[in-house]
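Per Swiss-Prot, these features apply:
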{"type": "BINDING", "residues": "SER41, VAL74, SER92, PRO94, TYR125", "note": "phosphocholine binding site"}
{"type": "REGION", "residues": "1-17", "note": "region 'N-terminal region'"}
{"type": "REGION", "residues": "92-107", "note": "region 'Trp-rich region, which is important for the binding to lipid membrane'"}
{"type": "SITE", "residues": "TYR100", "note": "site 'Important in the initial contact with the lipid membrane'"}
Amino acid sequence: ATFRVLAKVLAELGKVSRKIAVGVDNESGGSWTALNAYFRSGTTDVILPDLVPNQKALLYRGGKDTGPVATGVVGVLAYAMSDGNTLAILFSVPYDYNLYSNWWNVKVYSGKRRADQGMSEDLSYGNPYGGDNGWHARKLAYGLKERGFMKSSAQSILEIHATKA
(Lines of atoms letter the chains of each structure in order from A and count residues from 1; the text may use other names and numbers.)
(Lines give C-alpha, C1' and ligand atoms only; values in the text may rest on other atoms or scores of the structure.)
Protein backbone atom coordinates (compact mmCIF):
# COMPACT_ATOMS: atom_id res chain seq x y z
CA ALA A 1 0.00 0.00 0.00
CA THR A 2 1.16 3.51 -0.66
CA PHE A 3 0.15 6.77 0.95
CA ARG A 4 -1.57 7.81 -2.29
CA VAL A 5 -3.78 4.72 -2.33
CA LEU A 6 -4.59 5.13 1.38
CA ALA A 7 -5.45 8.81 0.87
CA LYS A 8 -7.99 7.72 -1.76
CA VAL A 9 -9.48 5.14 0.64
CA LEU A 10 -9.72 7.85 3.31
CA ALA A 11 -11.43 10.27 0.90
CA GLU A 12 -14.13 7.67 0.20
CA LEU A 13 -15.26 8.01 3.83
CA GLY A 14 -16.48 11.53 3.11
CA LYS A 15 -16.94 14.05 5.89
CA VAL A 16 -16.61 11.70 8.88
CA SER A 17 -14.57 13.61 11.48
CA ARG A 18 -12.69 10.63 12.93
CA LYS A 19 -11.62 8.09 10.33
CA ILE A 20 -8.77 5.88 9.25
CA ALA A 21 -7.48 4.13 6.14
CA VAL A 22 -5.41 1.02 6.87
CA GLY A 23 -2.99 -0.62 4.46
CA VAL A 24 -0.98 -3.73 5.33
CA ASP A 25 1.51 -5.10 2.80
CA ASN A 26 1.85 -8.87 2.98
CA GLU A 27 5.52 -9.57 2.35
CA SER A 28 5.49 -12.59 4.70
CA GLY A 29 5.98 -15.32 2.11
CA GLY A 30 2.53 -16.81 2.86
CA SER A 31 -1.13 -15.96 2.39
CA TRP A 32 -3.56 -14.49 4.93
CA THR A 33 -7.27 -15.30 5.30
CA ALA A 34 -9.62 -12.88 7.06
CA LEU A 35 -11.05 -13.96 10.40
CA ASN A 36 -12.87 -10.80 11.52
CA ALA A 37 -12.81 -7.12 12.37
CA TYR A 38 -13.68 -6.12 15.93
CA PHE A 39 -14.64 -2.52 16.71
CA ARG A 40 -14.45 -1.30 20.29
CA SER A 41 -15.86 1.98 18.98
CA GLY A 42 -16.72 3.16 15.51
CA THR A 43 -17.73 1.12 12.49
CA THR A 44 -17.04 0.46 8.82
CA ASP A 45 -19.08 0.18 5.65
CA VAL A 46 -16.74 -2.24 3.86
CA ILE A 47 -16.14 -5.98 4.07
CA LEU A 48 -12.79 -7.14 5.41
CA PRO A 49 -10.87 -8.48 2.38
CA ASP A 50 -11.09 -12.28 2.51
CA LEU A 51 -7.71 -13.31 1.11
CA VAL A 52 -4.42 -11.40 1.08
CA PRO A 53 -1.87 -13.32 -1.02
CA ASN A 54 1.86 -12.81 -0.54
CA GLN A 55 3.07 -9.61 -2.25
CA LYS A 56 -0.43 -8.05 -2.07
CA ALA A 57 -1.89 -5.50 0.34
CA LEU A 58 -4.89 -5.46 2.62
CA LEU A 59 -6.83 -2.18 2.36
CA TYR A 60 -9.49 -1.33 4.94
CA ARG A 61 -11.18 1.67 6.47
CA GLY A 62 -13.16 2.66 9.52
CA GLY A 63 -14.75 5.71 11.08
CA LYS A 64 -16.63 6.96 14.08
CA ASP A 65 -20.30 6.11 14.36
CA THR A 66 -22.54 8.49 12.41
CA GLY A 67 -24.55 11.10 14.20
CA PRO A 68 -23.72 13.37 17.12
CA VAL A 69 -21.78 10.82 19.17
CA ALA A 70 -18.58 11.52 21.09
CA THR A 71 -16.61 8.49 19.91
CA GLY A 72 -13.59 7.84 17.80
CA VAL A 73 -12.72 4.64 15.99
CA VAL A 74 -10.85 1.79 17.69
CA GLY A 75 -10.61 -1.58 15.99
CA VAL A 76 -8.66 -4.79 15.55
CA LEU A 77 -8.27 -6.81 12.35
CA ALA A 78 -7.45 -10.53 12.64
CA TYR A 79 -6.02 -12.64 9.82
CA ALA A 80 -5.19 -16.35 9.86
CA MET A 81 -1.76 -16.78 8.31
CA SER A 82 -0.89 -19.82 6.21
CA ASP A 83 1.55 -20.95 8.96
CA GLY A 84 -1.42 -21.48 11.31
CA ASN A 85 -0.94 -18.34 13.43
CA THR A 86 -2.91 -15.08 13.61
CA LEU A 87 -1.79 -11.60 12.58
CA ALA A 88 -3.62 -8.88 14.53
CA ILE A 89 -3.60 -5.15 13.75
CA LEU A 90 -4.92 -2.55 16.22
CA PHE A 91 -5.75 1.05 15.25
CA SER A 92 -7.11 3.85 17.42
CA VAL A 93 -8.23 7.34 16.40
CA PRO A 94 -9.78 8.98 19.49
CA TYR A 95 -12.59 11.49 19.69
CA ASP A 96 -10.91 13.74 22.28
CA TYR A 97 -7.33 14.76 21.49
CA ASN A 98 -7.10 16.61 24.82
CA LEU A 99 -7.12 13.22 26.57
CA TYR A 100 -5.86 10.73 23.96
CA SER A 101 -3.78 10.45 20.80
CA ASN A 102 -3.67 8.05 17.85
CA TRP A 103 -1.98 4.70 18.38
CA TRP A 104 -1.50 1.34 16.70
CA ASN A 105 0.00 -2.08 17.26
CA VAL A 106 0.72 -5.36 15.47
CA LYS A 107 1.13 -8.79 17.03
CA VAL A 108 1.27 -12.42 15.92
CA TYR A 109 -0.75 -14.78 18.14
CA SER A 110 -0.15 -18.52 18.33
CA GLY A 111 -2.85 -20.48 16.51
CA LYS A 112 -6.09 -19.21 15.01
CA ARG A 113 -7.73 -16.47 17.08
CA ARG A 114 -10.57 -14.09 16.26
CA ALA A 115 -10.36 -10.42 17.24
CA ASP A 116 -12.37 -9.55 20.36
CA GLN A 117 -12.32 -7.19 23.34
CA GLY A 118 -9.56 -9.20 25.04
CA MET A 119 -7.32 -8.96 21.98
CA SER A 120 -8.08 -5.23 21.71
CA GLU A 121 -7.03 -4.71 25.33
CA ASP A 122 -3.91 -6.85 24.93
CA LEU A 123 -2.80 -4.80 21.92
CA SER A 124 -3.79 -1.47 23.52
CA TYR A 125 -1.74 -2.12 26.66
CA GLY A 126 1.02 -4.14 24.98
CA ASN A 127 3.44 -1.31 24.16
CA PRO A 128 1.61 0.22 21.17
CA TYR A 129 3.16 2.84 18.91
CA GLY A 130 1.91 6.40 18.90
CA GLY A 131 0.42 7.77 15.72
CA ASP A 132 3.21 10.32 15.58
CA ASN A 133 3.99 10.76 11.88
CA GLY A 134 7.02 8.53 12.27
CA TRP A 135 8.13 5.07 11.16
CA HIS A 136 8.42 2.31 13.77
CA ALA A 137 9.71 -1.25 13.42
CA ARG A 138 10.05 -4.36 15.57
CA LYS A 139 10.39 -8.11 15.31
CA LEU A 140 7.18 -10.07 15.70
CA ALA A 141 6.84 -13.74 16.61
CA TYR A 142 7.09 -16.69 14.19
CA GLY A 143 9.72 -15.23 11.87
CA LEU A 144 8.02 -11.94 11.00
CA LYS A 145 8.89 -8.30 11.48
CA GLU A 146 6.89 -5.15 10.86
CA ARG A 147 7.54 -1.57 9.91
CA GLY A 148 4.73 0.96 10.05
CA PHE A 149 3.66 4.59 10.06
CA MET A 150 0.53 6.32 11.37
CA LYS A 151 -0.48 9.93 10.93
CA SER A 152 -1.35 11.95 14.04
CA SER A 153 -4.45 13.58 12.53
CA ALA A 154 -8.14 12.84 13.12
CA GLN A 155 -8.32 11.69 9.49
CA SER A 156 -5.51 9.20 9.76
CA ILE A 157 -3.57 6.74 7.64
CA LEU A 158 -1.88 3.60 8.95
CA GLU A 159 0.60 1.86 6.64
CA ILE A 160 2.26 -1.38 7.75
CA HIS A 161 4.71 -3.72 6.00
CA ALA A 162 4.81 -7.27 7.40
CA THR A 163 7.95 -9.05 6.17
CA LYS A 164 10.10 -12.09 6.92
CA ALA A 165 12.48 -11.39 9.81
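Every residue gets a Cβ built from N, Cα and C, even glycine.
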Practice task
Measuring CB to CB from VAL74 (phosphocholine binding site), give everything in the same chain under 8 Å that is also at least six residues away in sequence.
Solution key: PHE39, ARG40, SER41, GLY42, LEU90, PHE91, SER92, VAL93, PRO94, SER120, SER124
Completion exercise
If you measure between the CA atoms of TYR100 (site 'Important in the initial contact with the lipid membrane') and TYR125 (phosphocholine binding site) and round to the nearest Å, you get 14
Exercise for the section: Please work out the number of neighbouring Cβ atoms within 10 Å of the Cβ of SER92 (phosphocholine binding site), leaving out its own Cβ. Expected result: 27
Exercise for the section: Return the maximum Cα to Cα distance in Å (whole number) over the record's phosphocholine-binding residues: SER41, VAL74, SER92, PRO94, TYR125. Expected result: 17
Problem - Tally of residues which DSSP labels helix, strand or coil - the region 'Trp-rich region, which is important for the binding to lipid membrane' (92-107) - result: 0 helix, 7 strand, 9 coil
Fill in the blank from the handout: If you rank the recorded positions SER41, PRO94, TYR100, TYR125 by how many other Cβ atoms lie within 10 Å of their Cβ, the lowest count goes to TYR125
Fill in the blank from the handout: Across the region 'N-terminal region' (1-17) the predicted model averages a pLDDT of 64
